[in-house]
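If you check TrEMBL, you get these features:
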SITE      A:H34  site 'Important for tRNA non-discrimination'
DOMAIN    A:143-564  domain 'Aminoacyl-transfer RNA synthetases class-II family profile'
BINDING   A:E176, A:R222, A:H449, A:R490  L-aspartate binding site
BINDING   A:R222, A:D223, A:E224, A:Q231, A:E483, A:G535, A:L536, A:D537, A:R538  ATP binding site
2 protein chains.
Amino acid sequence: MEHYKRTATCGQLSAADEGATVTLNGWVHRRRDHGGVQFIDLRDRYGLTQIVVDEDAAGEVKETAAELKFEYCIAVVGTVRSRLNPNPNIPTGEIELKAEKIEILSRCEVLPFMIDEKSDAREDLRLKFRYLDLRSFSMQRKIRLRHDVTFAVREFLNGEGFLEIETPTLIKSTPEGARDFIVPSRLHPGKVYALPQSPQLFKQILMVGGCDRYFQIARCYRDEDARGDRQLEFTQIDLEMSYVSKDDVFAVTEGMMAHIFKKTMNIDLPRPFPRLPYFEALDRFGSDKPELRFGMELQDFASFVSGSGFKVFEGVLESGGVIKALVAPGCAEYSRKQINELEETAKTYGAKGLAWMKVSDSGELDGGIAKFFAPRAQEILSSLEAGPGDLILCVADERHTACTSLGAVRLRLGRNLELIPEGTFNFCWIIDFPLFEWNSDEEKWDPAHHMFTMPQAQYLDTLEKNPGDVRADMYDLVCNGFELASGSIRVHDPEIQKRIFQIVGFSEEEAQNRFGFLLDAFRYGPPPHGGIAPGLDRLVMIMAGENSIREVIAFPKNTVGISPMDESPSPAEPDQYRELHLAAVPVQEKE
Amino acid sequence: MEHYKRTATCGQLSAADEGATVTLNGWVHRRRDHGGVQFIDLRDRYGLTQIVVDEDAAGEVKETAAELKFEYCIAVVGTVRSRLNPNPNIPTGEIELKAEKIEILSRCEVLPFMIDEKSDAREDLRLKFRYLDLRSFSMQRKIRLRHDVTFAVREFLNGEGFLEIETPTLIKSTPEGARDFIVPSRLHPGKVYALPQSPQLFKQILMVGGCDRYFQIARCYRDEDARGDRQLEFTQIDLEMSYVSKDDVFAVTEGMMAHIFKKTMNIDLPRPFPRLPYFEALDRFGSDKPELRFGMELQDFASFVSGSGFKVFEGVLESGGVIKALVAPGCAEYSRKQINELEETAKTYGAKGLAWMKVSDSGELDGGIAKFFAPRAQEILSSLEAGPGDLILCVADERHTACTSLGAVRLRLGRNLELIPEGTFNFCWIIDFPLFEWNSDEEKWDPAHHMFTMPQAQYLDTLEKNPGDVRADMYDLVCNGFELASGSIRVHDPEIQKRIFQIVGFSEEEAQNRFGFLLDAFRYGPPPHGGIAPGLDRLVMIMAGENSIREVIAFPKNTVGISPMDESPSPAEPDQYRELHLAAVPVQEKE
């Protein structure tokens with residue numbers, strides 16, 4: 001009962017195969033009748049091939065062909081011949097297959113949506129019928145890209161002496177790990193495992209264990225409220241290296257990215273990637289994940305405020321704030337409504353308002369706050385490199401708010417004005433992050449990243465004196481405005497670790513409870529080490545030119561953590577709880 | 001504060017580097033003083049290098065060296081010079097490093113056990129201090145082997161057009177899935193995800209989705225009682241292919257194994273692997289995972305029973321049983337105690353006893369059941385190919401019990417007699433498994449493998465008539481007596497699927513509840529497909545010559561599912577349960 005097995009794929013045949021008898025297997029993509037001749041476009045992952053059932057074909061073949069509907073899975077035996085009307089748009093466009101036998105391998109019910117290059121079905125329907133969605137060339141390209149990227153990662157890191165090592169995914173749950181998924185143990189009632197938010201502790205343990213250069217394409221889990229483009233489970237390219245400084249981590253990461261882009265897209269990434277100190281990125285682009293595919297940088301406007309008589313700006317400067325300006329080229333024509341929209345964007349990031357003035361054709365400042373600054377128009381235009389027809393936008397606030405809100409306006413304008421080129425990839429490193437950040441609610445210092453990030457050497461003596469000034473040996477990799485990776489050199493010196501715990505008000509007991517086994521390990525000759533963890537989903541998303549990581553995951557959950565296909569999560573059976581010595585507690589309407 | 005970073009590894013330097021100034025980073029493996037000269041063996045993952053602090057070294061260097069203890073992590077700057085007494089046993093044995101600077105990177109407390117080639121520490125201590133255990137060359141070799149094996153798998157499958165696709169690990173829990181780990185959802189109180197026992201349903205969905213050739217090195221989970229060498233999480237090389245018969249799956253699997261062994265151990269595996277029908281394996285080796293590295297096959301003894309007067313054997317034959325015999329070469333000297341031990345082994349597998357007789361030096365049958373068979377001694381010896389000094393062992397029982405119990409005796413004898421060569425790898429396929437097996441408790445047919453295994457074509461007409469006779473399109477890959485993989489051609493025809501569900505007494509509702517989304521998918525033109533899933537842990541274990549998969553997993557749980565290092569699972573905090581709307585139920589002392 002073996003079916004006619006393919007001897008070629010649907011993307012393979014060309015004029016060179018003319019006259020050959022081949023068997024194809026695939027799906028009925030389209031079919032049409034034309035003057036008694038039946039045409040079938042047969043599709044598989046590799047391409048499309050036109051099947052023709054001639055008028056003089058055997059009755060059986062014609063009957064079977066007439067029975068075919070969309071997405072029937074079939075086998076066709078036939079002879080390759082050249083096409084009267086070649087289709088130059090597809091690789092097999094020169095030929096067609098004259099069908100001699102057709103076997104229906106399976107039938108297909110009425111489709112919920114067409115298998116098309118780009119489905120316009122709403123996402124939950126695509127996810128429910130993911131097996132149909134995946135058949136499109138568009139999804140197949142992304143699946144293939146993801147495969148190629150991971151293969152390139154492994155090829156490169158293997159060549160660099162990294163070992164891929166699997167770390168456990170049933171690990172210790174830490175009470176403070178608010179975002180841990182927990183997994184009750186059947187064997188040990190009352191006890192639970194947690195799913196890891198990342199292999200962080202284990203990769204550091206591997207360094208203590210002498211593994212020297214580790215990587216893993218690792219599944220990570222976060223039980224957090226669905227927001228934006230997060231998934232409950234996601235994948236990262238997790239690396240850690242012993243005896244390194246950040247330059248070594250940068251070199252490996254850049255080499256890896258270059259290899260990935262070369263092998264999968266034949267793109268040569270310029271190296272080394274530029275490095276931007278955190279505060280410079282904030283000042284110039286209003287973001288710690290700057291979109292560098294266009295300029296239009298934020299500028300400092302403070303020097304024009306003194307004597308302008310504009311009290312708002314003067315007041316902000318007096319209270320230690322900053323005035324940031326942005327020149328929107330050719331936007332002097334913007335309506336009040338358009339400017340209001342930009343202001344809304346700024347306000348989302350905490351700005352109290354968005355000041356503006358226009359540069360008239362004759363080079364005068366006009367409208368908005370122009371009256372305060374018109375006297376120094378020449379000087380301002382020259383300093384900001386603005387000219388006739390431009391719009392000047394300003395935010396006055398404390399530094400972080402002024403920068404990030406105007407940064408958001410910059411990004412919005414960049415998109416509106418189509419300043420961002422498609423298909424280009426601009427990487428940079430963000431460095432010199434603060435080690436601590438002030439928690440004004442609790443009036444204490446928090447770690448800006450995590451507890452194991454090394455302070456830069458020059459701050460070691462003054463750690464306690466000026467925690468806010470301390471810069472960390474920490475770095476982010478940014479591409480096209482997305483944070484792609486975060487990493488650091490780790491603390492391996494128990495004394496420095498203790499000082500950091502003290503600064504953030506972390507008791508020894510707390511430390512032991514959360515990171516006990518890592519701190520224990522550090523008593524046995526830990527090597528200096530550091531690492532990084534690029535997000536795989538996001539990397540492939542950026543490469544594929546998509547806006548959601550769900551587009552590059554075979555079976556994602558939707559935005560509220562549900563899989564419409566298998567309908568998980570599903571109600572627990574009382575038996576399941578009972579076996580785990582658990583009971584459901586009714587959900588209270590507001591406690 | 002950057003430390004002296006290595007310019008070479010501890011496994012790299014040779015006579016060719018003489019005179020070079022290099023920096024090494026690593027651990028103090030051994031140290032000794034010899035007439036005022038201090039010797040340090042410095043170790044990293046790559047090897048050992050001898051460091052020498054000469055008598056005339058700077059005071060600071062000598063003092064630091066004197067301070068060193070086992071497993072201090074250090075940096076050494078020095079000059080490579082040839083050794084007076086080369087050590088031919090290690091690659092760096094020709095040279096030593098004359099230390100000019102020594103920097104202590106971190107200190108080490110008193111070790112719980114020595115970092116040795118093969119630790120004799122008990123396993124739980126090794127697991128608790130896994131970071132120390134991992135530093136041994138023995139563990140590093142296994143970690144490296146596992147990396148090399150997975151890399152070779154990917155290299156091969158990538159070359160064969162397979163795409164590695166990640167399937168979800170938070171999936172639908174099925175009430176009957178007794179061995180599912182469940183993961184309560186915080187976002188959806190009362191609902192749970194399950195961790196997958198394998199990607200089975202998803203890989204079949206991928207075939208329906210047109211992915212054609214899929215693989216994944218996939219983490220799988222089973223919440224079952226600890227027994228033998230199981231782990232709660234384990235890894236399999238999961239494959240699935242569209243439009244194939246079992247020969248295609250065999251060819252890919254054999255190619256993959258050959259590539260793995262060639263690339264990692266430079267061993268040429270003979271191909272194709274032999275194929276043994278299930279019942280033949282049972283009859284000849286007493287096992288469906290036969291150890292083929294030695295012969296000593298089971299033989300049929302039935303033909304000598306008639307007329308022997310041995311009632312026990314006669315009775316068994318009359319009631320439809322079999323008599324199996326095994327010739328243990330040179331074991332005629334075995335004591336009663338030794339034979340009793342073999343009998344115990346047979347009884348473990350259900351045999352009621354182990355009959356025996358010896359072949360004397362003069363070729364006579366002697367002892368045990370010899371008196372019944374002495375008259376036909378010549379004929380028996382010739383048929384069994386037994387000779388003077390041999391021991392003949394027999395089990396009479398129904399076929400399965402007789403075969404498996406004598407098979408266990410065969411294996412035990414093979415080990416005792418050291419008939420099993422080390423470092424060789426004998427693969428075979430077991431084919432023609434029964435599709436159904438009789439459940440005598442419930443008096444019904446159960447699927448022998450899983451619901452989606454295809455019956456062989458020749459049984460399709462008589463499926464319902466003789467379920468016990470139906471052979472499946474199912475196969476196991478066996479190596480050195482271990483089941484390494486299991487796979488099958490899947491049912492993709494809804495009609496055949498329905499008939500199978502009916503035979504095993506599976507209602508449509510049950511089917512829908514457990515496999516609903518796969519059955520739904522099969523309504524939309526599923527391609528014929530099949531696959532296999534070799535266990536990675538076991539494969540690497542066999543290759544490494546180990547007896548436990550814990551030896552080839554970086555951070556395994558112990559035999560009762562506990563990780564002594566991170567102390568997981570750990571008691572759940574009431575808060576954790578509360579957030580999930582769960583409550584602990586006290587464990588009753590026997591319900």
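From the backbone N, Cα and C atoms, a Cβ is placed for every residue, glycine too.
Overlay of TrEMBL feature records on the structure.
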residue	record	DSSP class
A:H34	site 'Important for tRNA non-discrimination'	strand
A:R222	L-aspartate binding site	coil
A:H449	L-aspartate binding site	coil
A:E483	ATP binding site	strand
A:R490	L-aspartate binding site	strand
A:L536	ATP binding site	helix
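Comparing Cα positions, A:L536 (ATP binding site) lies closest to A:R222 out of the recorded positions A:H34, A:R222, A:H449, A:R490.
When the recorded positions A:H34, A:R222, A:H449 are compared by Cα distance to A:R538 (ATP binding site), the shortest distance belongs to A:R222. The separation of A:H34 (site 'Important for tRNA non-discrimination') from A:E483 (ATP binding site), Cα to Cα, is 54 Å. Binding residues for ATP (A:R222, A:D223, A:E224, A:Q231, A:E483, A:G535, A:L536, A:D537, A:R538) extend across at most 21 Å, taking the greatest CA-CA distance.
Neighbour counts were taken as the number of other C-beta atoms within 10 angstroms of each residue's C-beta; across the recorded positions A:H34, A:R222, A:H449, A:R490, A:R538, the minimum falls on A:H34.
Nearest by CA distance to A:E224 (ATP binding site), out of the recorded positions A:H34, A:H449, A:R490, is A:H449. It is 66 Å from the Cα atom of A:H34 (site 'Important for tRNA non-discrimination') to that of A:H449 (L-aspartate binding site). Neighbour count (other Cβ atoms within 10 Å of the Cβ, all protein chains): 14 for A:E224 (ATP binding site). Counted within 10 Å of its Cβ, the other Cβ atoms near A:E483 (ATP binding site) come to 16, all protein chains included. Per-residue confidence over the domain 'Aminoacyl-transfer RNA synthetases class-II family profile' (A:143-564) averages 94 (mean pLDDT, predicted model).
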